[in-house]
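Listed features, source Swiss-Prot:
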type    : residues                       : note
BINDING : Leu121, Gly125, His126, Leu127 : (6S)-5,6,7,8-tetrahydrofolate binding site
MOD_RES : Lys230                         : N6-(pyridoxal phosphate)lysine
SITE    : His229                         : site 'Plays an important role in substrate specificity'
Amino acid sequence: MTHLNLRLKDVDPEIFEAMEKELSRQREKIELIASENFVSRAVMEAMGSHLTNKYAEGLPGKRYYGGCEYVDVVENLARERAKKLFGAEHVNVQPHSGAQANMAAYMAFLEPGDTVLGMNLAHGGHLTHGSPVNFSGKLYNFVSYGVEPDTEKINYEKVFELAYKHKPKMIVAGASAYPRVIDFKHLKEIADEVGAYLMVDMAHIAGLVAAGLHPSPIPYADVVTTTTHKTLRGPRGGVIFCKAEHAAKIDKTVFPGVQGGPLMHVIAAKAVAFKEALSPEFREYQQQVVNNAKALAEELKKQGLRLVSGGTDNHLMLVDVRPVGLTGKRAEQLLDEIGVTVNKNAIPYDPESPNVTSGIRIGTPAVTTRGMKEGEMAEIAEIIALVLKNPENEDKHREAARKVRDLLNRFPLYDKLPYND
């Protein structure tokens, strides 16, 4: 029994060492990946708790296992907080990920082979919105809509034309790399016109929606999915919201349809994150995320870099690196070497392969969590431009790396974490 009380560093020093190095990486690099954030210690404590021991198939009050009275409290708190946060009629907090939330939503409303309209991955959509390499593109007949070549924004009239032509059973909205506001009301009107369900995947913008800084899809969509990390700043996981009339089929599709037992430690962490998101401080944080994104976009443009669609309305932006003679892959590598983490990303009408790309995606949630504001965005833009415009100049790279260290020293990340107290 003594093994129950041993510390991680004593039981598995190899894993402990890898975790220590990852903590150092997070502390010592400027995190600009739009889908990443830094959760609170409270969220980590819930996620790394003894709740991982408990099986709880089913829903609160209707479990297939005994001893669930306390995890029922946990899940009910998560559900009630999520409904309050987003003003939803019904929520299921059990999906293990955003992809599984999307799978459950599809399976609740569609049959294999049904036609679905979704945003093209290459134009900012997501793998689960119909990519042929994903289950969504294999099980359903997806027709893609995208952005215009000149504006690099969604043309809703063209979405309507596609919907009118193909008569989809469902229209999917939401994106993983679209820097502009999505008009859910307009998409609902299109869906109603052709008799389609409207599903919204708000994984990237959920935090902004919760804070009232992006129009909410909840009043318009039949079903809404999200992750709980990214801008929502919770643990990695998924959630599904829907109208009350669809509650039973959504719940049944999550379990036993696509999942077994829920991860109660993760649901506890979701509940903690939802409580944090209900605070006035969270809205202030989200406002700063948006302010920082706009500031960073403007500063990058001042540095001579081209932004897809000319800027951003949310937490992220896409930089076209072709004008500086780079690929997205090379730009990502160069920035990583001096301490700035981004991801290569396809841009609309990209001539490069998905493994190379012509762009990089940049987001502000994580740096905002560290406490950075508009002034620091100007510094970051200068660092990025210094490297991308001088890809072979090692002196410039050393200068950029020094600037990164100086900036991060002013914004320390995490004192102690639960695993290494």
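Our numbering is plain: 1 for the first residue shown, then up by one each step along the chain.
For all residues, glycine too, the Cβ spot is worked out from N, Cα and C.
Given the structure is predicted, the values throughout are model-derived calculations rather than measurements.
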Whole-number Å distance separating the Cα atoms of His229 (site 'Plays an important role in substrate specificity') and His126 ((6S)-5,6,7,8-tetrahydrofolate binding site) is 16
Whole-number Å distance separating the Cα atoms of Leu121 ((6S)-5,6,7,8-tetrahydrofolate binding site) and the residue listed as 'N6-(pyridoxal phosphate)lysine' is 19
Comparing local Cβ density (other Cβ atoms within 10 Å) for the binding-site residues Leu121, Leu127 points to Leu121
For the recorded positions His126, His229, Lys230, the largest set of other C-beta atoms within 10 Å encircles the C-beta of Lys230
Same-chain residues at least 6 positions away from Gly125 ((6S)-5,6,7,8-tetrahydrofolate binding site) with a Cβ under 8 Å from its Cβ, in sequence order, are Gly118, Met119, Ser131, Ser144, Gly174, Ala175, Ser176, Tyr178
CA pair His126 ((6S)-5,6,7,8-tetrahydrofolate binding site) / Lys230 (N6-(pyridoxal phosphate)lysine), Å rounded to integer, equals 15
Rounded to a whole number of Å, the separation of the Cα atoms of Leu127 ((6S)-5,6,7,8-tetrahydrofolate binding site) and the residue listed as 'N6-(pyridoxal phosphate)lysine' comes to 17
Given the (6S)-5,6,7,8-tetrahydrofolate site Leu121, Gly125, His126, Leu127, its other Cβ neighbours within 8 Å of the Cβ centroid, in chain order, are Gly118, Met119, Asn120, Thr128, His129, Gly130, Ser131, Asn134, Ala175, Ser176
